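Trainee: Take a look at this one; I'll ask things after.
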Amino acid sequence: QLTSSSFLRIGQLSNVDLNEDVRELETELPRQHPNEIPHNEKLLSLKYESLDYDNSENQLFLEEERRINHAAFRTVEIKRWVICAMIGILTGLVACFIDIVVENLAGLKYRVVKGNIDKFTEKGGLSFSLLLWATLNASVVMVGSVIVAFIEPVAAGSGIPQIKCYLNGVKIPHVVRLKTLVIKVCGVILSVVGGLAVGKEGPMIHSGAVIAAGISQGRSTSLKRDFKIFEYFRRDTEKRDFVSAGAAAGVSAAFGAPVGGVLFSLEEGASFWNQFLTWRIFFASMISTFTLNSVLSVYHGNAWDLSSPGLINFGRFDNEKMGYTIQEIPIFIFMGVVGGILGALFNALNYWLTMFRIRYIHRPCLQVVEAMLVAAVTATVGFVMIYCSRDCQPIQGSTVAYPLQLFCADGEYNSMATAFFNTPEKSVVSLFHDPPGSYNPMTLGMFTLMYFFLACWTYGLTVSAGVFIPSLLIGAAWGRLFGISLSYLTKGSIWADPGKYALMGAAAQLGGIVRMTLSLTVIMMEATGNVTYGFPIMLVLMTAKIVGDYFVEGLYDMHIQLQSVPFLHWEAPVTSHSLTAREVMSAPVTCLRRIERVGTVVDILSDTSSNHNGFPVVESSPGTAQVAGLRGLILRSQLIVLLKHKVFVERANLSLVQRRLKLKDFRDAYPRFPPIQSIHVSQDERECMIDLSEFMNPSPYTVPQEASLPRVFKLFRALGLRHLVVVDNRNEVVGMVTRKDLARYRLGKEGLEELSLAQT
């Protein structure tokens, strides 16, 4: 990789002057231990390809579009609605499956451990119970971690950063495969049952996206089955719209919040948006919540009762008991500040931890060991806290699922156990709704402290798990503590109901960690079934976001940056007007002639040093060296299909009589185009000519080389391009702008900084 000392020639031939860096690298590399991977957040990885949201309007495409009449377009529109309905139904069913399996397995585990603890409390020897609990947790998590680490590593984490990147236009390998879905669902069941500090909500979003990407293509490349339906949707543009619908359906199945799902998809995900899309996405979300409700109501035995929405239902808040007055607004804002600071602390700790993981814990076996360690530690911490807690509450009238008596008097239970000895979702609900006085302030304080560090350590493990519920739980715990101390200060005045403050604390903490505002407000409102709190929740979330952004960025953005993904934000960096397209572009560009030798094409595609994906097509007479004007743009994938079908003639002057390729041939090869190495071209065929004029896009987007960076950025980002050709005033190609050239510039602490590119 390190060629001459002044240029680091990587991938797109970005001539960034890295004089000093190269020398440092050359001196560092030999002394490095192989078990450490050098990782720097100031890098952009070149292993990510861009998705092409711009249709290639070549002659084939135009002919097909002209053949389609008005009625046929109507059937396409109907198909879109059918696909959205199917996405909703399947996402709802997957959510049901996860919910029911987790409920049964976790219930089984807690019953076994509870029986064991009750037995040993009487006759001594509680360390056996601890061993049993820790071993159960570690073994379940081991299975969950092994399948992720060894079979499909992209299924790790919550999957929201990956889907965010996909919708931004970055092709993350394997992110919407069927295999990823299976591993994701099994992994999240195992990690929640294994008692880790995780939720099952984040992965639902990823699962919805995978389901959408699979259904809309009408075939499964993993199972090698083609159902011959929905062939029109086999291109990136269409697939992206369905993936954003899938993500929305995932949110609405997870929280029972269809509007929140649409807004989530708008805020976090989709980079491209229009009204028709909104309505279809809302339809998919509604269908998904409805499916979930119907199946769960049948499962719980009260068929046809559809009023228990969502995987996590925070329960209804009564309006009478839970009003709020004007003097509480400053208190809520203060809670938002606390949430923002705690969220920033969480993110900063997780940042250093993730850097450490990327550098040292990159072998799958080490990752599995770490996951088991975290599971065992989580169980031990929970056990020790329950063991040391002397906070006893009467069992009468309480709704605890697995009350542990331990050293309490008969008819009482240990209230620390409601928090630890339960799945996190149930713990959140009990913190919201248990009557005042159910928790000792000491209990809540210790729980918040311990759970904060556990959740921070757990996020980023090689298990599939979300961060939504743990952050809600941390926030609910300190919010309730805050409410209790308020009622001490105000001598038990009526408005300090701890449940209300638990809700605000939960919103503040989650807002401080993931920095979502709009969708989170609506999700919290829909999940608690209460519109009264819209305003305070919005205030709390805004404050938390402003305060948190002052310190570090949100958790998802941070993880995207740590993986060196070339992510394009909405706007170019503010101070970048001084840069022009000439300084940003990659040059020199590999061009093809309109009628080109097959050998030349094969050599250009096989050249590993320039892994280009788009080639400008220029008009020039064979034999002369001078390059003339730009005629079009052709993609690597199109060239590969042409070579595979052997669309060439022996000499330049023969008329083209070969079999006409149809657009279907290109669609059938999508999305996994064969690599050039798998295509065999004989020596005679290398001498043939290939005519690109039918297949190239004759009207690619171009910019003059004087255009400023914000202008180039706006064009590139708004149209979702993959290649933008830079031309001079004679319409000759001088350079090419791709995603990496734009994502390189980022606002740092000192102003505009330029990231270096790396092949990792």
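Backbone N, Cα and C define each Cβ position, glycine as well.
Heads up, here are the entries from TrEMBL:
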TRANSMEM  81-102  transmembrane segment
TRANSMEM  130-151  transmembrane segment
TRANSMEM  181-198  transmembrane segment
TRANSMEM  242-264  transmembrane segment
TRANSMEM  276-299  transmembrane segment
TRANSMEM  331-353  transmembrane segment
TRANSMEM  368-388  transmembrane segment
TRANSMEM  442-461  transmembrane segment
TRANSMEM  467-489  transmembrane segment
TRANSMEM  501-525  transmembrane segment
TRANSMEM  531-552  transmembrane segment
DOMAIN    696-754  domain 'CBS'
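Help me picture these features in the structure, burial and contacts included.
Mentor: Below 8 angstroms of C-beta separation, residues 181, 185, 188-189, 192-193, 200, 204, 207-208, 211-212, 215-216, 230, 233, 242, 245-246, 249-250, 253-254, 280-281, 283-292, 295-296, 299, 311, 423 of the same chain, each at least six residues beyond the ends of the transmembrane segment (81-102), sit close to that stretch.
Under 8 Å from some Cβ of the transmembrane segment (130-151) lie the Cβ atoms of residues 109, 112-113, 116, 179, 183, 186-187, 189-191, 193-196, 364-365, 367-368, 371-376, 378-380, 382-383, 461-464, all in the same chain and six or more residues away from its ends.
Residues 83-84, 87-88, 91-92, 94-95, 163, 166-167, 176, 200-201, 204-213, 215-216, 233, 270, 277-278, 280-282, 284-289, 291-293, 309-313, 468, 516, 518-520, 522-523, 525-527 of the same chain sit 6 or more residues outside the transmembrane segment (242-264) yet have a Cβ under 8 Å from a Cβ within it.
Same-chain residues lying 6 or more positions outside the transmembrane segment (331-353) and placing a CB less than 8 Å from one of its CB atoms are 324, 452-453, 455-457, 459-460, 471, 474-475, 478-479, 482, 486, 501, 504-505, 507-513, 515, 536, 539-548, 550-555, 558, 562.
For the transmembrane segment (442-461), the residues of the chain that approach it from at least six positions outside its boundaries are 145, 156-157, 196-198, 342, 346, 349-350, 353-354, 357, 367, 370-371, 374, 377-378, 381, 385, 389, 391, 415-416, 419-420, 467, 470-471, 473-474, 477-478, 480-481, 484, 555, 559, judged by C-beta separation under 8 angstroms.
Away from its own ends, the transmembrane segment (501-525) comes close to residues 251, 255, 257, 259-261, 263-264, 266-268, 314, 317, 332, 335-336, 338-344, 346-347, 428, 431-432, 467-468, 471-480, 482-483, 486, 531, 533-534, 536-538, 540-545, 547-549, 553-557 of its chain (Cβ-Cβ under 8 Å, at least six residues beyond either end).
For the transmembrane segment (531-552), the list of distant contacts is 317, 319, 322-324, 328-329, 332-333, 335-337, 339-341, 343-344, 347-348, 351, 503-504, 507-509, 511-513, 515-517, 520-521, 524-525, 558: same-chain residues at least six beyond its ends, Cβ to Cβ under 8 Å.
Regional average pLDDT for the domain 'CBS' (696-754) in the model is 86.
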Trainee: Restricting to the same chain and to residues at least six past its boundaries, which positions have a Cβ under 8 Å from a Cβ of the transmembrane segment (467-489)?
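Mentor: Tertiary neighbours of the transmembrane segment (467-489) are 158, 197-202, 254, 312, 331, 335, 338-339, 342-343, 346, 419, 424-425, 427-428, 431-432, 436, 439, 441, 444-445, 447-448, 451-452, 454-455, 458-459, 496-510, 513-514, 555.
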Trainee: Could you tell me how many residues in the domain 'CBS' (696-754) are helical, how many are strand and how many are coil under DSSP?
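Mentor: When I sort the residues of the domain 'CBS' (696-754) into the three classes, I find 16 helix, 24 strand, 19 coil.
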Trainee: By a Cβ-Cβ criterion of under 8 Å, what residues six or more beyond either terminus of the transmembrane segment (276-299) are in contact with it?
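Mentor: Same-chain contacts beyond the ends: 80-81, 84-85, 87-89, 91-93, 95-96, 99-100, 208, 212, 241, 244-246, 248-253, 256-259, 261-262, 265-266, 270, 305-311.
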